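Here it is, the structure in full.
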Amino acid sequence: MKSGIHPKYQKTTISCACGNSIETGSTRQNLKVEICSSCHPFYTGVKKVVDSAGRIELFQRKYKREK
């Protein structure tokens, strides 16, 4: 393999919005995610609505039909 063309692989921390953090290896320094396996509805069995800054309301206002 050629030397000097591969990114540096280092220990990194993945931080979730729920407060959970996981240490792993990556070429990136720090990662932030909104949902992880500790808070995802599929793994927890608890239904949770994830609305990214009112995107559903924006869509409904944009395509609202007149009755």
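Glycine is no exception: its Cβ is also placed from the backbone N, Cα and C atoms.
Bear in mind that the values here come from a model prediction, so they are computed numbers and not experimental data.
Not my notes, these are from TrEMBL:
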- C16, C18, C36, C39: Zn(2+) binding site (BINDING)
A 10 Å Cβ contact count, applied to the binding-site residues C16, C18, C39: which residue has the minimum?
C18
If H, G and I count as helix, E and B as strand, and all else as coil, what does DSSP give for C16 (Zn(2+) binding site)?
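Once the DSSP labels are grouped into three classes, C16 (Zn(2+) binding site) ends up as strand.
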Quick one: what's DSSP say for C36 (Zn(2+) binding site), helix, strand or coil?
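It is coil.
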Residues other than C16, C18, C36, C39 within 8 Å, Cβ to Cβ centroid, of the Zn(2+) site?
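Going along the sequence, the neighbours appear as A17, G19, N20, V33, E34, I35, S37, S38, H40.
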Excluding near sequence neighbours, so keeping only residues 6 or more apart in the same chain, what lies with its CB under 8 A of C36 (Zn(2+) binding site)?
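Expected: I14, C16, C18, N20, I22.
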